[in-house]
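Quick look at what TrEMBL lists:
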- 1-11: compositional bias 'Basic and acidic residues' (COMPBIAS)
- 20-33: compositional bias 'Basic and acidic residues' (COMPBIAS)
- 49-67: compositional bias 'Basic and acidic residues' (COMPBIAS)
- 1-68: region 'Disordered' (REGION)
- 87-107: transmembrane segment (TRANSMEM)
- 199-223: transmembrane segment (TRANSMEM)
- 284-301: transmembrane segment (TRANSMEM)
- 354-372: transmembrane segment (TRANSMEM)
- 384-404: transmembrane segment (TRANSMEM)
- 461-480: transmembrane segment (TRANSMEM)
- 528-550: transmembrane segment (TRANSMEM)
- 562-581: transmembrane segment (TRANSMEM)
Amino acid sequence: MTELRCRKSETLEGDNEEEEKQKESELETKPPDVEQVNGSSAAAADGSQQKDEGEVKGGQHEQEESSRAQSCVKAKGLSASVFLQRLVRVFFGCLASVACGMLYAVYLSTYHDRKFWFSTRQELEREITFQGGSGVYYYYYKRLIAASSFERGFYELVVDNRTVSGQTINAVERLSLYPELITSFIYRVTGSQDFVEPIYFYIGAVLGLQAVYVTALFVCSWVMSGTWVAGMLAVAWYVINRADTTKVDHAIPLRDNWALPYFSWQVTALTGFLRNKIGSSTEMFCYLTMSATTFTFLLVWEHSHYVLFIQGFCLFLLDSFDLVPPRKMADIHKVYLSSLFLAYMFQFQNTALLSSPLLSLLIGSVLARYFQQRMKVGPLVARVMKLFLHFYLVFTSGITYSYLVKKLIAANESDFILKFLEVKFGLNTTTDFVPNFLLCQESFQTPGQDLFLRLTQASVLPFYFLVLAVCLLSALQAIYRRLSGQPLCKTYSLENGGIGEKPEVVYHVFHTMLFGGLALLFDGMKYLWTPYVCMFTAFGVCSPDLWMTVFKWLKLKSIHPVVLSLILSTAVPTIICFSLWREFSPRVLAELSELQEFYDGDTVELMSWIKSQAPVAAVFAGSPQLLGAVKLCSGSAVTSLPLYSDINLLKRTEDTYQVYAMRSAEDIYKLLTAQKTNYVIIEESICNELTINKGCRIKDLLDISNGHIVYDKGEIYSFSKYGRFCHEIKMNYSPYTNYFTRVFWNRSYHVYKVNSVISFQY
């Protein structure tokens, strides 16, 4: 700007000099008058006086030109020094973010090796460490590596008849196997098979994404606060609360661990895109990053469109309150629509995306905007009424579109999701096994008080409520001013003290509040809420704008509020970091030094027997978590998979679980043979399950579903003319021995062969 001003002043001076020359030439060419001839002496005197004044003015012009030239040189030097300072700051900030991500990845790798003794185990024992049924994802990765070519392996996954008995499934679509496809392709192309084992390459890819996750949180907090100290504080809180921020410790191959790093970078790019003070090149970079990460997020996780619906609703509120320019909202809608279209094509025309709530919200908002083109004009009362009408039109249009699409494509999974939500919120009761089984999963239960106690002990929750309260009140003030027709400050400065006028801050307020509300209902949602609590809180305590907003409300006059806000934004995070380092660094380092023992000998024995004794074409039935391990370790076909978003697999799981119900041997035999089962695995931990919450035991859910529950004086009893199958079959008497033959057993598992020819022995 200073250079432009200098150039402008120089051009103006040049124009003035040209005008003076033109005037002098006109005076010289003008013919003399009679008055000029008569008053020659007076003219001579005036001419000498004008000559003296011209010399004085010329000297003044030379001094002004020299001073302006000096100011231009100073401005250039000042701009160069400011640019150099910013460059140094960005360099060290990027260096710190990358260092935090790499250190976290090294920490996770070391912790994983110490926890499972991974480097000293055999391959079978390593594969069993993939808990919670997540081993089935690694099985497909291993299958792609073992294929003769990548194209052949991809075809075998698209037309897969060796996984679920009696079915040919598209495993890439059904299980969202694009992470395994990409990882195996990179493993082949780079020639990594010559110097690294496939399992280490796979784990390294997941842990590397966790480093990307942490780096994104660092950058997001840094962008919002203006200091990379906030990024370091966010990473520190994330690592300390690792039990509530990530599931990578328990099951590495889960889809969450692949998808959430991309979502974190999408949120970071969206944060930069929403800022008012942003250059065109930076805005384009944020837009492209947001587009790429949104598409990748939709591609690698089947539940991603629900997460993006919550984000889209936050942006819808921003647009409705007129806190973000319409041009940016149109660009964001383009990102969502293009990503949904590409994901629909890459996921083999996945009909779930056509009826997704995200697409319904986008279509509803576009239609409502078409019918309400003058929604953001008028007095306060009129705008509020228009706003309520806008909400009504958006949700009515969205719900109507979703209903019509589900009727046209016959989406049957929506019925059980709706029934599940009705039971969850107490609107209905059911005896069906599937909704009650899902409600008893830990991810869908209400979180306990331990979550909030851990966050409070790490000091993140108290500061979060403080930051959220300040930002929310400031955002409400900004919303009131916008609805009243007052413009927001386009050139925000620290002295203004209105942090709620920043659209990126208001977005994160809505983001944390909505995901926090869901985390209060579903324990699994804490992995989407807690990381951004750490990031948002770190931004708040390190932001001078937040402290300045508080001081402006308090009307502080004794001390200059700008100076005090700068001091507190540095002193408070420094004190927090020091206290966290003093209290939690010994615990974190102790986790790396402790050698934990994880060895499931009974499961290893079972898998070894299956690999050595069972036929290659055998079909196994059991719990979904165990079948995931069976599929990984032996490659045998199974009756179901640990995938809780597929209603057909859930129905097959219900039929398999009947071995723990009070049913006859003939009924169980018919159910298992209908799924072409050759061997059924009965687990002692399920058959003799003892928990405080009796209503969530598998056998209790089956008794409720089968109508074997009797209520007597407030007590619940199970009653049937048949004994519990998993107990009765161990007695080895007829008719159980007619249908089943025990072929393997240890302390945890009993394996029975389903007889192909029934032998009646009494």
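Yeah, the Cβs are placed from backbone N, Cα and C, and that goes for glycine too.
The stretch in 87-107, 284-301, 354-372, 384-404, 461-480 that contributes the largest number of Cβ pairs under 8 Å to the transmembrane segment (199-223) is 87-107.
Using a Cβ-Cβ cut-off under 8 Å and counting only residues 6 or more beyond its ends in the same chain, the transmembrane segment (562-581) has close neighbours at 225, 227, 229-230, 232-233, 236-237, 240, 458-459, 463, 494-495, 538, 541-548, 551, 556.
Remote same-chain partners of the transmembrane segment (528-550), defined as residues 6 or more beyond its termini with a Cβ less than 8 Å from a stretch Cβ, comprise 213, 217, 220-221, 224-227, 229-231, 233-234, 237-238, 241, 244-246, 260, 264, 267, 307, 455, 460-461, 463-464, 466-468, 470-471, 474, 494-500, 502, 508, 511-512, 515-516, 518-519, 561-562, 564-566, 568-569, 572-573, 576.
Below 8 angstroms of C-beta separation, residues 321, 323, 452, 455, 488, 498-501, 505-506, 508-509, 512-513, 533, 536-537, 539-541, 546, 549-550, 576 of the same chain, each at least six residues beyond the ends of the transmembrane segment (461-480), sit close to that stretch.
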